[in-house]
Amino acid sequence: RCADGAALRWCISGTLCASFLGLGMSIAVLGPTFPTLAANVGKNVSDIYYIFVGRSLGSLGGSVLGGVLLDCMNATLLLAFSMLGTAAGLYVIPWCNQSLLLTILMSVIGGSMGILDTGGNVLALYTWGSEAGPHLQALHFSFAAGAFLAPMVAQMDLGSSKSEELAGAEKTNQSVLKSVPTASAASTTPAPNDHRSESFLWSYIFIGTYILLVSIFFFVLFSKSSSAKDKSKASAQKDRLAKYHWPLVGLLFVFFLFYVGAEVTYGSYVYTHAMVFAEMKESEAAALNSVFWGAFAMCRGAAIFGAAFLSPATMIVMSLLCSAASSIALAFFSHFRAALWVGSAVYGASMATIFPSGIAWIEQYTVVEGKTASLFVVGAALGEMCIPVAVGYLQGRYHHVPVVMYTAFVTSVVTALLFPAMYKLANWPQQRDSQEASDRETRKTLLSNSRLTEDDEEEEHVREWNDADFEVVEMNDELKNSLMDTSHRIPGDSPAVQPHLDNALGDPPVVADGFPGRQNGSIDWEKSE
């Protein structure tokens with residue numbers, strides 16, 4: 001049974017990693033396919049920016065809804081339905097030709113992704129408990145790997161689309177020579193759009209099919225462990241919530257808001273900063289952006305093994321120190337290209353492990369349930385939405401100020417100040433309780449020692465009385481023998497002497513404790529004399 005339970009836990013962890021790989025691909029595939037989707041709905045790229053807003057709002061709503069549902073139903077079943085909804089949306093999107101319907105579909109997919117993001121972290125905590133650190137790191141590394149793979153899938157489809165367009169263009173040129181120009185143009189104009197839509201349709205279908213398969217695995221896990229969530233929740237309820245549970249959760253909410261906002265802001269604007277302030281070429285700026293995300297992904301992969309040896313608090317402190325050092329270099333020395341390259345790499349690596357380490361850290365001090373985890377995801381989503389928008393606005397107002405680098409510095413300072421406050425708040429009640437427990441133990445020890453001392457003194461007192469009693473008995477025996485000898489020396493039986501002898505040799509009174517010579521707690525010294 002233990003072997004089956006361990007195998008089931010590893011199956012759950014592997015399925016979660018596969019689902020986060022699909023989550024990363026689903027989010028990242030929108031970028032390279034965005035022009036085609038705009039063409040399908042007959043809009044310019046700049047006119048359908050609201051689909052990103054719709055997906056973000058859907059993600060926020062899904063995170064909140066997932067937090068509520070996780071406390072009411074089985075986690076594996078909830079994730080299975082969320083993956084099924086994501087797959088259905090991905091299947092429908094390539095055929096969508098209305099911008100409103102496209103926005104609604106993006107919101108639905110965003111909601112499913114929010115449920116998966118919240119439920120995946122909670123299920124990992126339910127499954128592994130205090131050992132969840134490496135598995136949380138593996139989840140978020142899988143997300144980064146999926147975001148890395150999605151543009152490659154889209155690029156392959158784009159390449160096939162270009163070859164098909166070239167073939168169609170050659171056929172069109174030949175038909176133009178043999179027919180009327182207007183008629184040929186009218187008959188051949190829709191062809192490129194059809195080819196592009198069909199090409200990117202396969203890209204979405206590939207990712208949607210992958211996610212559908214993962215949802216089937218979740219349904220299988222639900223059939224194998226239908227009561228796993230209830231047992232896990234019951235065991236979690238046995239643990240006492242931290243005394244300052246909600247203040248601690250609120251601080252971590254703000255912590256994730258600044259951290260995720262800084263991560264997304266730097267990854268989104270470092271390309272523009274490199275071209276404007278560092279005067280790099282497009283290829284160099286793209287390489288700098290790749291260095292940031294490459295270091296980010298590599299460090300998340302290494303953190304899977306590092307979390308097995310280092311505590312979450314240690315990993316967070318190391319990340320915050322590296323983030324502070326690199327942000328200082330980027331904010332004040334980014335005009336040196338070497339500082340920009342090295343600072344971007346170190347900054348990306350330092351941002352990689354904070355989110356999963358933060359969830360693993362707070363789980364050591366309080367119970368992380370659905371509602372709690374949803375707040376963390378909502379904080380991260382708000383930071384992802386608000387901070388990049390604010391930076392873009394400020395950068396547009398102040399063209400000569402490197403707002404991106406100053407934002408990295410400010411957010412690093414804020415997170416570096418927030419974590420010690422959270423750590424103190426999490427440990428202060430325990431320190432006080434341990435001090436009180438230590439004081440109670442000390443008082444018990446002192447009382448126990450005093451009782452032992454009193455018992456020893458009483459036993460010693462009784463022992464002294466017993467010794468005195470035996471001495472009295474011995475004195476009476478000696479006196480009796482002495483008087484007997486005297487009486488034998490006196491000739492004849494003297495009646496006058498015999499009564500006095502009998503009185504002198506009279507037996508001492510015997511009390512309840514069986515010792516002679518004691519009466520009412522005192523020795524009959526007059527008779528012994």
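Numbering starts at 1 and runs along the chain as it is shown here.
Just so you know, glycine gets a Cβ as well, placed from its N, Cα and C.
Given the structure is predicted, the values throughout are model-derived calculations rather than measurements.
Among the features that TrEMBL reports, compositional bias 'Basic and acidic residues' is placed at 433-444.
Residues or ranges marked as region 'Disordered' in TrEMBL: 430-462 (among others).
Annotation comment: TrEMBL describes 484-529 (among others) as region 'Disordered'.
According to TrEMBL, the feature transmembrane segment maps to 7-28 (among others).
Long-range contacts of the transmembrane segment (48-70) within its own chain (CB-CB distance under 8 A, at least 6 residues past either end) are made by residues 30, 37-38, 41, 78, 82, 99, 102-104, 106-119, 122, 369-375, 377-378, 381-382, 384-385. What TrEMBL records for 48-70 (among others) is transmembrane segment.
What TrEMBL records for 77-94 (among others) is transmembrane segment.
For 100-126 (among others), the entry in TrEMBL reads transmembrane segment.
What TrEMBL records for 138-156 (among others) is transmembrane segment. The list of residues near the transmembrane segment (138-156) in space but at least 6 beyond its ends in sequence, with Cβ under 8 angstroms from a Cβ of it, reads 13, 16-18, 20-29, 31-33, 120-121, 124, 200, 203, 206-207, 293, 296-297, 300-301, 303-304, 352, 355-356.
Taken from TrEMBL, the feature transmembrane segment applies to 201-223 (among others).
Sequence annotations record features per position, and here TrEMBL assigns transmembrane segment to 244-271 (among others).
Residues or ranges marked as transmembrane segment in TrEMBL: 315-333 (among others).
Feature annotation from TrEMBL assigns transmembrane segment to 339-361 (among others).
Annotation source TrEMBL lists transmembrane segment at 373-391 (among others).
Residues or ranges marked as transmembrane segment by TrEMBL: 403-423 (among others).
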(request) Sort out the residues at least 6 away from either end of the transmembrane segment (201-223), same chain, that have Cβ-Cβ distances under 8 Å to it, and list them. (result) 8, 11-12, 15, 18-19, 22, 25-26, 29, 33, 74, 76-77, 79-81, 83-84, 86-91, 93-95, 150, 153-154, 156-157
(request) Tell me, please, if the transmembrane segment (7-28) and the transmembrane segment (100-126) are in contact, taking contact as 3+ Cβ pairs under 8 Å between residues separated by 6 or more positions? (result) yes
(message) Below 8 angstroms Cβ to Cβ, which residues of this chain, lying six or more residues outside the transmembrane segment (100-126), approach it?
(response) 12-13, 16, 19-20, 23, 26-27, 37, 41, 48, 50-52, 54-67, 69-70, 75-76, 78-79, 82-83, 85-86, 89-90, 92-93, 132, 135-136, 139, 228-229, 232-233, 236, 356, 359, 363, 368-370, 373-374, 376-377, 381
(request) Considering only the recorded stretches 77-94, 244-271, 373-391, 403-423, state which has the highest number of Cβ pairs under 8 Å to the transmembrane segment (315-333). (result) 403-423
